[in-house]
Structures are given as C-alpha cells and as structure tokens.
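Under the heading transmembrane segment, TrEMBL lists 75-100, 121-141, 177-201, 254-278, 290-307, 363-383, 390-409, 437-462. The domain 'CBS' annotation in TrEMBL covers 522-586, 619-677.
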Amino acid sequence: LFSGTLAGVIDLAVDWMTDLKEGVCLSAFWYSHEQCCWTSNETTFDDRDKCPQWQKWSELLVSQSEGASAYILNYFLYIMWALCFAFLAVSLVRVFAPYACGSGIPEIKTILSGFIIRGYLGKWTLLIKTVTLVLVVSSGLSLGKEGPLVHVACCCGNFFSSLFSKYSKNEGKRREVLSAAAAAGVSVAFGAPIGGVLFSLEEVSYYFPLKTLWRSFFAALVAAFTLRSINPFGNSRLVLFYVEYHTPWYMAELFPFILLGVFGGLWGTLFIRCNIAWCRRRKTTRLGKYPVLEVIVITAITAIIAYPNPYTRRSTSELISELFNDCGALESSQLCDYINDPNMTRPVDDIPDRPAGPGVYTAMWQLALALVFKIVITIFTFGMKIPSGLFIPSMAVGAMAGRMVGIGVEQLAYHHHDWIIFRNWCRPGADCVTPGLYAMVGAAACLGGVTRMTVSLVVIMFELTGGLEYIVPLMAAAVTSKWVADAFGKEGIYEAHIHLNGYPFLDVKDEFTHRTLATDVMRPRRGEAPLSVLTQDSMTVEDVETLIKETDYNGFPVVVSKDSERLIGFAQRRELILAIKNARQRQDGVVSNSIVYFTEDPPELPPNSPHPLKLRRILNLSPFTVTDHTPMETVVDIFRKLGLRQCLVTRSGRLLGIITKKDVLRHMAQMANQDPESIMFN
C-alpha cells in the first residue's frame, strides 16, 4: 500500500515539475500542462496543447509567445529551473542521506546476499530518496525513476519489518520481506506485477523460497492496485507508455529484430565499460571531492543541449511513449507526418503504409542527434551523487534506434513491395509494418544488454504493452542482446557496480569447480597469530574489553579453555559490547575483574571475589561449522545458499580456524588468477 502510494505521488509531482520548466497554469498553478488544458473550453482538437489558461514563461513575463527574444527567455528559464532542481537534490542527498544516491539495486542485491549496510534502508533515506527522485527526474537529467523505486519500496519493507519482532529479530524473515518489496517496487515502476516478481527472482534475490513467491506476488498486486486507484496519468493505466498494436508481425521481420538485439548487446557493453571507467576515475581522482559541482555541470550541459531538440526537451517517459505509439488517424506527432492518399476510404484504425512526408524526415535526423546525445550523456549521469535509475534511459536509447529502423523497414516495404521478401505479406494498400513495435523491441534489447535480464524483461515488456503476440520478437531481441553482451564480459551493470564499490557479494550465477579444501582457505594460516577466542569461564570483564579494543572482528568463537579448544559457540561483537555496558550500569557488583562465564551454572569462585557476569543468552550455540577437509565447492555453496558471513572450521570438535565471506571471495579471485589483494572491501 505504502509503495503504491509513494509511486503515485512521485508520478504526479514529476509530471507537474517537468512542465513547470516551460510554463505555468494560471487557473491553478498545481496543474500540469495536460491537466490545465483538460478543464479548458477553448481547446481545439488540432491545438490540443494550446489553451489560454496555460502560459509559457515568455508569455507571462514579456507577453510574447513567438520570436527570438521569447525563445531565448524560455531557453534561459528552462536551464535555470533544471539547475535549481538538481542543486536542491544533490544538496539534500549530501547533507541528510548520503545513501540515497545511485540506483540502489546493487546495494539491495548485496543486502539480500547476507551483508549488512547500516542505515541503507533507514527512514531518512526513504524520505530524502522520495523527494530528490522527483527533483532529479524533473530536472531533465538522463535518468529514470524505476531503479530508485525498488530502493524506496525496500525502505518501506524494512520500516514495516522493524515494527514486528517476528521480522526485526530474524534476518532471514526480513530478507524475505525485502524480496517481496523489490517485487512491489518494479510492479509500481512499470505497472507489471508479474514482471516484478520475476525481476526479484531473477535479478535481486539470493534465496527465494516458494512461500516468498506468492507473498511477493500478493505484495506486487496490492502495490499495482493502489497505484491504479490513484490513477496518476488520468488514463487508468499504470505507466505513461502503455500501447496496443493491432497488426501481426511476419517471419521476415525477425531479421531486423535480431539486429536490434545485436545493437542492444553492443550498447550494453559500451555503456558498462565507459560508465565503470568514469566511476572508477571519479573514485580515484579529485573529481570525487566535488559531487555538487559535478551534478551542476552535467545538468547544465544536459539542459543546454536538450532544449533545442524537441525529442530531448520533454521528459524521457513521454519520449518513449511517443516512440512506442502507432500512427493512428488522430496522431499529431511529427513522426506521423505521412503523405495521405486523398481517395483513401478505409476504416480508421487500419491505415495502410504511406510514403513519408517532410515531418518524418525532420523527425529522423532529430532522433539520430537525440540518440547520440542520450548515449553519451547517460554514461556520465549514472553513478552521480543523486538518485538515478537506468531503466528509462536504456529504453529510450533502444526505442529511438528501433523507431528509426522501423520507419526504414516501413518505407522499404512501401517502395519495394514487389521484392521477394515483401511479396508474400505486404500488398499495396496494406498496413504491414508497425514502426512502434520496432521501438518496443529495441527498448527491450538495450535494457537487456545493460542489465542482462531475460525472462523478467520480456514479461515486463509485454505487461507494458498488453501484446501477447509479440513475445517471440521480444524474446529474440532479449536473448540476442544477452548473448552479444556476454561475449564481451559476463557482468551486468549492477554486478559491475558491486565490484567497483567493493561489496562482499558472492554471485549465485558463478561456478566454482576447483578442488581446494576448507583448510586451504581458513585463517589463521601457518605463521599467523592464533585465533582470538573467548573462554567459557576463565576470562574477566577487563580481558574481554581488551580483546574487543585490540581487534576489529565481527565476533569471537567461545571455547572451553585455551588448552582444549573445544568449540561451544559464537558471540557477536556488538552484543558483547552492549551486554557489558548494560551490566556495568544495572547490575551491582560487576567490576573489571568480575569473571565472565558462558555456562549454565556459575564457576566455583573464592568467597570474596566480585560478582560474576553471565552472558549465555547472547551466545549462539549453533554456529555454522565445517570440518577442515570439507571441499571448498561445498563451503562456497553453503555461503551462497544461507547468506552466511562467517563459518568456523573444526576437527573432531576442536576449533581450528574461521572462514569469512571475504576469505571466500579472495580465494575465488586467486583461483581465477586475479590478485586477491585487488578486491577492495570498503
């Protein structure tokens, strides 16, 4: 319910603030351009965008709507609004919630794999991310709101799990809630509940039991239903770019679809390599010290180049919507400026293929320029210190390329309908090629090339378009783009960012086939200092505090005594610190030389010794253990399936060492002939 409501509010706010850059509604300033002209009685069908209530800034300030001075004033105000929004967003992120930047999906993958990033899903992050998301999308930067909506939904999930002890005490349960939240996030982003569940299963989640599947489906359904009842776009659709096509596709068209798949794969590879190189540069040079300046510069460049071109001036979602649209009799877009046959008498929705008019040719070169601009600017935009999603820009790149290919095929079929490939299915006067379908296939291909999704991508696309008969073209494009992109490198953009940021993440998709044993990986190695352990009844409070102060480990194994080293359990560092602090404040008689014991009964003490401290309740009595001869293949599998952070190594009950997730990752790098020290963990 909560993520559906937030998504609706974000949609409405973005709609209004995007139009605010160009003008304002006089009858009610909180109306967007479209809503302003709905209520007007003076609107005609041809000029549906013009109504007296909506005024551009130039009309309002200098009473001119045409001419050079009006254009320059509008241009200047467009840039100023964009800079104002972006500056506000990056300042909010920097001051209140540094974790609200980026897309959030790499971090959520890491959190679901069993790593804890404190505060990443906190209330401040939720609030700031929601507000700044509206600001950055409205500022016209080349980014989308879809990825960050997953993060927003996961923050909601985390907030609600902290209210119930069943979920707040149990990490596994909480992770199941977060899986469902990720599904709800994609569900409201694209209006695709089934696609959301599959996205959570394929991309985000680590461990996805069957009971989580239908719970996620239910959560996604409720989220989509909530968004539908808010109805942010006023057309009872959940997304701006919903389309319906009526013409079938033909076998010969698979060739351009597969070519679009190849383009998507190549663009995905190019994007990942350039973006990671730029982000690494940002991390290692002085560029990273000025995040606000960087955002301001990129916003200024984007606004200055975007305004003259009508395809980049509008919001990216509207652009995709126009590219997906089929040219009906009622379309006023430049892309539909075909030359009509005057003596045509046919039903309205089945318009035959026609020769392109001057508007289509203008649109083609404007789209080509917009395509180059989008490809370049997205590389520098993704990864700045503001919330930024990648779905929408990738889809825009693919949709522009696809629409251009579609118009090309359509004109080819019109002028050469006697060629052998067109002869079977394209008679003169028939509507045989739908350019909007090519845009949709291109969008799927580019999104697949960047994120390497397959199943969930196809499902999201056909839930967006309501066209079940186009599953085959979409599958062909998605699979081709994945193959082409995989040929250049196995990592999708999210995995690449996980590695760049140095999160300890074990990818479920990697194979581990080497024959090493647990004893080869565990610490301490020969020649290293022995393992830091606690004994069950022979250490004082002071000893424990010294151990905590001198080491920075996450927890300590508890053994019977230093000589026997029989393992009893595992105590977490945080819980030890809290327990000792509380005992010193609340229990009388606990001093620095009190004995700490982890057994059921207190040890035998001399008569005048201080009061002992019992810490059995914080002891994990069933820590995960393997023997020293367990094959590493099994250990890696255990770490993956259970999302473990550490695992103890024993031989016949005696503690030998410990394997942490970072040790496993270093070992895997070593086996793949990489330098194990090159894996940075921050």
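Glycine too: its Cβ is placed from the backbone N, Cα and C atoms.
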Chain residues outside the transmembrane segment (254-278) and at least six past its termini with a C-beta under 8 angstroms from it: 375, 378-380, 382-383, 394, 397-398, 401-402, 405-406, 409, 438, 441-442, 444-452, 472-473, 476-485, 487-489, 491-493, 496-497, 500
Tertiary contacts of the transmembrane segment (177-201) (same chain, 6+ residues out, Cβ under 8 Å): 3-4, 7, 108, 111-112, 121, 145-146, 149-154, 156-158, 160-161, 167, 208, 212-213, 215-217, 219-224, 226-228, 237-239, 242, 391, 453, 455-456, 459-460, 463-464
Positions on the same chain near the transmembrane segment (390-409), where near means CB under 8 A and six or more residues out: 103, 142-147, 189-190, 253, 256, 259-260, 263-264, 267-268, 271, 311, 316-317, 319-320, 323-324, 335, 356, 360, 364, 367-368, 370-371, 374-375, 378, 381-382, 433-447, 449-451, 493
Residues in the domain 'CBS' (619-677) grouped by DSSP into helix, strand and remaining coil: 24 helix, 19 strand, 16 coil
DSSP helix/strand/coil residue counts for the domain 'CBS' (522-586): 24 helix, 17 strand, 24 coil
